[in-house]
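Per TrEMBL, the features are as follows:
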- 1-185: domain 'Azaphilone pigments biosynthesis cluster protein L N-terminal' (DOMAIN)
- 225-353: domain 'Nephrocystin 3-like N-terminal' (DOMAIN)
- 660-692: repeat 'ANK' (REPEAT)
- 692-724: repeat 'ANK' (REPEAT)
- 725-757: repeat 'ANK' (REPEAT)
- 758-790: repeat 'ANK' (REPEAT)
- 791-813: repeat 'ANK' (REPEAT)
- 845-877: repeat 'ANK' (REPEAT)
- 878-900: repeat 'ANK' (REPEAT)
- 991-1023: repeat 'ANK' (REPEAT)
- 1025-1057: repeat 'ANK' (REPEAT)
- 1058-1090: repeat 'ANK' (REPEAT)
Amino acid sequence: MDPLSITAGIAGLASLTIQVAPALHVYIATVKGAEKDIGWYADEVTSLIEVCISLEDFLKVDVVSPESRFKTTESVLGRTVSACDASLRQLGKLVQVPTSWTEKMKWPLRKKKVEEIIQRLARYTNMFQFALTVEGHAIFSNTPEVVEELLELQVKASSKLHEITKGIDALSITTDNYRDTSESTSSLLEGIRSLSAKTEQLSFIQKENFYNGCHRSIAVDDISMSLAVDELNTWYMDNKFVVTYYYCDYRAQNASPLTAVIGRLLRVLLECSLVIPPILRDIFEKARRQGRAPISSELKDILISVATSFERCFVLVDAMDEFSISEPGSTAELIRILDELAASGVKVFVTSRAIPSPPLNTDHYIARIRANEADIRSYVAYALGTDHSLIDIIDKALERDITQTVVEQARGMFLLAVLHLQNIRGQVTRSGVRKALKSLSGSLSDAYDKTFECIRYQSQARQELAFDSIMWVSSSCRPLNSLELQHALATQPGDGEWDSDNMPSLRLIIGSCCGLLAVDDLDDPDSEVRLVHHTLHHYLQDCQPGWKLRANLLITRVSLKYLYCASVVKCTQEGGDKKTDLVLASFVRDNWGRHAKMIPPELYCNTALNLLQNEHHLHSLYPDNHFTGLHIASRFGLTDLVTNLLDQNPRSLINEMDDDFETALYKACMNNHITTVSTLLQYGADPNAGMSSLTPLYISVMNNNLPLAKLLLDNGATPDIECTDDWTALHKAADSGLLDLVELLVLRGSSMSRYSARGLTALHRAAGKGHIEVIKYLLDHGARIDCTSEDGWTPLHGAASAGQTRAVLLLLLYLAQHSGGVNRDIGTKKPIVDREGGFDFQTETGRTPLHLACQGGHVDTVEVLLASRAKVIIADEDGDLPLHIASREGNVGVMECLLREEDDRGVQLACRNERGWTPLEEAQLNGTYEAEQMLWKISGRMSLDSDVDEEELISAIRTDDVQEVTSLLGLTADEDTSRESWKRLEMRNQGGRTPLQQSFLFDSLNVARALLSSGADIHARSDPGQWTPLHYAAMLLDKSAVALCLSYGAEVDARTQQKQTPLHHACRRGAEGPARMLLEKGADFEAIDDREWRAVHVAAAGGYLNVIVMLLEHGDSGKATRDGQSVQGCAAERGHHSLVERLRELRYYWLTSEGNFRVDDGY
């Protein structure tokens, strides 16, 4: 018996014990007549005790084995088995078969004790299931002290990785999302036997075959993939090898399935990687600045980069046929990614019930594997033995025939076996069972047919209940929980009012469906009800005539009736009569029209009209907004219903607005219902009416709906109406890169010279976003390249600030080709580079495109500008050269480009800005360590006298080597040397930082703790810069560094030489955790630095939307500084155009008593 088998057995033991628990509760509640049941329970407990004894003996004997993973008889796993045995023995004494009424009467006294034991056994389950994994087994094979140490190390490592990757939603997936293999364990001894019998299935993944193959497409049972993972982990034990695994669960209902699978695979790879790859940091920073999660294409690049960094990498994808059933395009993209991985040398292993489509391109090997017949036999025996309705029908011979037939017809597919058994268990006579056996086939579709026949054999009421339930679950717009489904089934279109007594029990619902529906917890009203398997979706659509129509008709009629009942109940509750809450109301209110759109209008129009024309009912259903029936019908795109409403109501109501100033036309446009829009326009809807911030035409551009935009323009929509922040539809189309819409709007007369509130044209927006084709079109049709915004920005400035290198190159080429046509009206004799639009043209603040590219760290853009001979010796109004800005921001790659030419290197290094600082001093003051080191090296000033070799000390601090640091600093307990050691604690390196400050700079928290415990000064200041250790800690992503400083009394609002607080620094780095902790500790979010910037301005300059929202929620007003620098302006100046757009969409308002706030300038 190998360790994997033993731990699997233990997991089965716990699982089976928990299965017994509910039955024990029933027995306690109903003592009378329980002799037969408790006898069975007593036998089971006795068997389990015997198994525990065998397991315990095995663990003790296995210690002496040279191959054993158990190094001590005192292992945690061994102790737990012993404890489990003791608990089972105690339980066995309490479930002795009662022989008299006196003993039966004692049950209430034993009840509490039995429940305590059951709870104690339940607590073992998680540990046993963890022990089922290779790493869990290895951990629990040690003593409790060692286990505690190992788990603590795992928690620390996991916590650190989580802090780094917490902004990526796709990387937050845990193993709880994947299947629990212990559910299928029906017998402990049978489970162990089944595991040991799997050796023939492992033959296809022998080292040579598996390593040389790229892909597998197989039909396997649930445990084979787990065995493959464990086998691989057994073969390779070093950190150059990694296995990453994903199970495709069709029940997941994930909006971005491709992102989820890549994220899960990547998470495992990163946990095994010794370093965080630069590509991850870059994409992570970009996504975080834009306030979004990384998209699948970005994650794919990271996945391939990380996977190929290992010497051996195995990617395993289980149940590929269940991946993204409703989106075949996602499946095709996943296959392409797996092909790329395989082509890069990664070994890819895929399981599927069918060959993936499209087929894999890379050379691959296919092995077909069926479910083990013994497993199916075991399941059949268990199912028949626990079905009390069959006890008097089935004898041994018939049971043998059932088992043999089911195994033969299942053909290795467990789902078929389950469905066949459901058909058999629905029979009421021995003859019926034999007829059912003869009709079994190996087709899944036939099995579903038989199951539907079983449903039809039930009473009429149960038939209706089953089919209605399956219709709701298979066709509703979103998954329903059990209580919502019960409410839906309780609603009868013909009844006068909703009656809670009509609600069927969940057990009856599931039972009536003959196994076609599943739910995780029958007693949890929030538990989701789902189809038993994704193939049932296809069966219902393909093999049940009219299923889709009937299901949508049912849902529509029930929804409308439920809405009517909800409005009546609402009115009754307002009158003081409390009724049952109608929990399905929000679902049907938001989705009934989606289902109605799928059926002929004559089947629902009259009912819908009765509801939508009743203002009293509508007010009850939508108390927070003044909706008319026309608004609701238009929102869902129910054109026939819209026509009926318009025919029966005054035409003047067609342009009526709700409380959000939205018309019916606006709602139809928002949801892309072009037929409904056409009808409304024919009846006289005003295409320009509605809220001033968005017109229907602007919405059509937002939705990238070219036919809708054409329809609106054909019916009188004005193309140049100014919307939010004075943007026109052309601004939006250019900003989104929608060339077809840009062409349409320009041809229909939209002006390319219209300015937004900030003075931006459509060309500015296209250049800032890098939409090359749009830029070309606008320039070719007369857009001016030399147009400037209110702060003097040209399109080239916008492209350079955002790092849109191709756009910068295109604009420079256009300048060179059309140099004679720029500024003809001005008659200037300036060279092209200094003119508006030129690459040395300065904004109102003296910034050139090169300044802005340096600020954003866009190396490629800087290279293009330098190749075009952009000046490096050119100062802005603050006296900053591009090198000053790059040094301040810590953009080392940009600095290397600027300092490449020796002719002007010395001038750049020695130049002082208006504050009197050189680029080196800017780097020191702003804590950009890498930039500082580079400038020290270039300037040749690397020598420093010190008692300790500085380079060696820095290396020790960087690697978080506590022992080496304390040795170099001479930190001993000897009293004569402690004073000297204290001096060394406060010594400064070349950058003027103490060892404690360096430890926070390098995120070496173990060294920081050791230095603080040795007496390092938490209030020490760097020189230059005047940073405290807390300022450095605040720039780390891990809030534990901030917590450490605060625990030693750090000043939460300490100011640097530039008047910045630790909160400013946390916002500069986008460190949400540290920023939130500082705010909770009372940090002043209104504190201003020497530029009069608050923390929110710093966060905007860094592009960190989440931090901005956090600060606003904590009370920041969002107002501009006294010199007019706004939050959006800080983001726009640094090229964070996506952030500016998000802030425009959020539209914060001035702080009021309700806690609302505003970022109030237009972009």
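Glycine too: its Cβ is placed from the backbone N, Cα and C atoms.
TrEMBL does not curate its annotations; it predicts them automatically.
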_Three-state composition of the repeat 'ANK' (692-724), taking helix and strand from DSSP_ = 17 helix, 0 strand, 16 coil
*Summarise the repeat 'ANK' (1058-1090) by DSSP state, stating how many residues are helix, strand and coil.*
17 helix, 0 strand, 16 coil
*Which sequence positions outside the repeat 'ANK' (758-790), separated from its termini by at least 6 residues, show Cβ-Cβ distances below 8 Å to it?*
725, 728, 730-731, 733-739, 742-743, 746, 752, 796, 798-799, 801-802, 804, 806-807, 810-811, 814-815, 818, 822-823, 835-837, 843, 1132, 1135, 1137, 1161-1163
_Summary of DSSP states over the repeat 'ANK' (1025-1057), given as helix, strand and coil counts_ = 15 helix, 0 strand, 18 coil
*Go ahead and report the DSSP secondary structure tallies for the repeat 'ANK' (878-900): helix first, then strand, then coil.*
15 helix, 0 strand, 8 coil
_Residue counts (helix, strand, coil, in that order) that DSSP gives for the repeat 'ANK' (791-813)_ = 16 helix, 0 strand, 7 coil
*Count up the helix, strand and coil residues in the repeat 'ANK' (991-1023) according to DSSP, in that order.*
16 helix, 0 strand, 17 coil
*What are the DSSP helix/strand/coil residue counts across the repeat 'ANK' (758-790)?*
17 helix, 0 strand, 16 coil
